[in-house]
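*Asks:* Mind looking over this structure? Questions follow.
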Amino acid sequence: MSLPNYLRWFRNLQEPPLEEEQVDDDNAVSMVIELVLGLAIFLIMIAVGSSCKWELVKKMFSSPKALKAAAVGVTCQFLVMPAVAYALTKIFALDGYMAFGAIIAATMPGGGISNIYTMWGQGILELSVFMTIVSTIVSFGMTPLWIYIFSNFVIDFSDNSTTSEPTIAIDQIAISLVMLLVPLSIGVSLNFCSCTNKIRPILEKGIHVLAILFLMAAIVALLVQYHEGLADFATWQLGVSAFIYFPIATGLSYGITTLLKFSPAARRTVVFEVGLQNLALALAIGEQALKYKWQREQAIPFPLLYAIFMYCWAGLLVPVFRRQRRVNEEQGNVDCDPDFFVVSENCDEADDVALSMEFDTSKQKARKERSGITPVAEDPTEETERDEDLRVVDV
């Protein structure tokens, strides 16, 4: 586990299996599953890109609060998540490749699914995209490092005849970054096409529905492919650990962001970003990292079960978080901090006076019109009279 050993292991990450007979004949099914998962993420990121303002995402690279949120998110992602996963493997006595599967699920950050749940849960979408980009870049070094460290704790490599060290293809992480940025750029470009302005809302809703359907289809395909492994290795200990993993990890993340006095919208964003892992990448790496089919049958059940439970838990959080935002509105509490340089449909509480010179508030005005509140046009003379009245009151 020394640094030289890790560096040698890191240089050999992309080496293929040595013996062709070690590879099973399920490549066709695996390719179909990877295609479905990739297409789902591609569609999700187009929807996310069309719903966020890219100029605001770029501003976050110089925003102290956004950088702080990203640092907290990366810390929770690469410290809290692996620590919780490792603790669960010890508490529930998950050994060998079952524990390795838990580590894979814990070290795959980001992915478009966190962005779309942030949008549904009325977090800060632009902050979510920013954090996803940062965590994905950091994962180039941290993901192989954690997999190397934890695999030596949970797998005994002394018997070379029955075990083999996992080989992590770095190009898979690079592909995940491309799969994040390319469709995101396509979605952002829709905001600049006048011909798509009228159909963009319909297009976004359609993409959301298609993305969900593709994800459900991918999960069903994985269940079919690994039903033997699930039947043999999906014990109650594995099921319970996968079930409670999300609430424990996200609860800790929410507590940390609360102690750091993040705004409610920022807390919601960090929770989704940390708890919703890139399970498509985890499953793909699980397929490629292990040489033997029996190894994959033991390693895949945890990330597969966690994917199902993760979507369910996040779905339950969406109405809870939406209610939190609504209550903050009714009580006049600040829900979204304008210092993140974000004004979107998820951040109506931002200080419009401070941001009106820089951001479009048409979405907020449309929302007020639907609520029966007619926006009144600003009159410069009225503004002058108000200023005079304020000076009189001050006197």
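Glycine residues also receive a Cβ, built from the backbone N, Cα and C atoms like all the rest.
TrEMBL: automatically predicted annotations, no manual curation.
Below are the features listed in TrEMBL for this protein:
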- 362-395: region 'Disordered' (REGION)
- 28-48: transmembrane segment (TRANSMEM)
- 69-91: transmembrane segment (TRANSMEM)
- 97-117: transmembrane segment (TRANSMEM)
- 129-149: transmembrane segment (TRANSMEM)
- 169-194: transmembrane segment (TRANSMEM)
- 206-226: transmembrane segment (TRANSMEM)
- 238-257: transmembrane segment (TRANSMEM)
- 269-290: transmembrane segment (TRANSMEM)
- 302-321: transmembrane segment (TRANSMEM)
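Buried or exposed, and what's around them? Tell me for each listed feature.
*Replies:* Counting only same-chain residues 6+ beyond the ends of the transmembrane segment (97-117), those with a CB under 8 A from a CB of the stretch are 41, 44-45, 47-48, 74, 77-78, 81-82, 84-86, 88-89, 125, 128-129, 131-133, 135-136, 138-139, 142-143, 146-147, 150-151, 154-155, 166, 176, 180, 183, 208, 211, 215, 233, 238, 241-242, 245, 272-273, 275-282, 285-286, 289-290, 295-296, 298-303, 306, 311, 314, 317-318.
Sequence-distant contacts of the transmembrane segment (238-257), counting only residues of its own chain at least 6 positions beyond either end whose CB sits under 8 Å from a CB of the stretch, comprise 72, 76, 80-81, 84-85, 88-89, 91-92, 94, 98, 102, 105, 266-267, 270-271, 274-275, 301-302, 305-306, 309-310, 313-314, 317.
If one looks beyond the transmembrane segment (302-321) by at least 6 residues along the same chain, the residues whose Cβ comes under 8 Å of a Cβ in the stretch are 94, 98, 101-102, 104-105, 113, 117, 120-123, 215, 219, 222-223, 226, 230, 234, 238-239, 241-243, 245-247, 250, 268, 271-272, 275-277, 279, 282-283, 286.
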